[in-house]
Amino acid sequence: MPAKLGYWKIRGLQQPVRLLLEYGEKYEEQIYERDDGEKWFSKKFELGLDLPNLPYYIDDKCKLTQSLAILRYIADKHGMIGSTPEERARVSMIEGAAVDLRQGLSRISYDPKFEQLKEGYLKDLPTTMKMWSDFLGKNPYLRGTSVSHVDFMVYEALDAIRYLEPHCLDHFPNLQQFMSRIEALPSIKAYMESNRFIKWPLNGWHAQFGGGDAPPSHEKK
């Protein structure tokens, strides 16, 4: 029986989970539309979740909330977490840095002073991109030669950033190649070309950036 996901009809916290599942597992998703608040709250405490929230993930008797816990569970099922304490710690390090990368944009995206904060964010962005470029190096993926959940976390963060600054990867060809490599994975390519793929919004509908009903007038590269 396919696992079940539940989340709003946004990319938000769920998108890396969707990408990971599209890469290697069948699932069904309960999408909650913008005006489905009452629908969600009527079901919230009826799903058997220990800490009810969105996103949620139900795989037989395993019922989880919190996007990182969901990602780690799925990744662990597919041997992506590492087999030694050192490998697992390194994966955790990449996870934390990927969360920081996405939350850095999220923090300013919901702030009423977004336009003011954006200037400082963009000023620091090249340093952040260089850090990730140096970390990736000549490897095709962040853990070396095989795809893992952290690749989808970083892909999604970088893709969101490209909507704010379409040229952010111009000086980092290995990151450009990394993004193209993820997009070219057969199952990911098929998903992105399907009507199930959510292109927008990146964040909640009320966000100053990444919300609303349509992306910025400029398109990311």
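Using the three backbone atoms N, Cα and C, a Cβ is placed for every residue, glycine included.
Here Swiss-Prot flags TYR7, TRP8, TRP40, PHE41, SER42, LYS43, LYS44, ASN53, LEU54, GLN66, SER67 as glutathione binding site. Long-range Cβ neighbours of TYR7 (glutathione binding site) (same chain, at least 6 residues apart, Cβ-Cβ under 8 Å): LEU13, GLN14, GLU29, GLN30, ILE31, TYR32, LEU54, PRO55, TYR56. Taken residue by residue with DSSP, TYR7 (glutathione binding site) is part of a strand.
The substrate binding site feature in Swiss-Prot is assigned to TYR110. The number of other Cβ atoms within 10 Å of the Cβ belonging to TYR110 (substrate binding site), over all protein chains shown, comes to 15.
Sorting each residue of the domain 'GST N-terminal' (2-82) by its DSSP state yields 28 helix, 20 strand, 33 coil. If you look up Swiss-Prot, you'll see 2-82 marked as domain 'GST N-terminal'.
The annotation domain 'GST C-terminal' is assigned in Swiss-Prot to 84-202.
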| message | Radius 10 Å, atoms counted are CB only; among the binding-site residues SER42, LEU54, SER67, which position scores highest? | response | SER67
| remark: Least surrounded, by Cβ count within 10 Å, of the binding-site residues TRP40, LYS44 is LYS44
| said: Between LYS44 (glutathione binding site) and TYR110 (substrate binding site), how many Å separate their Cα atoms? | reply: 25
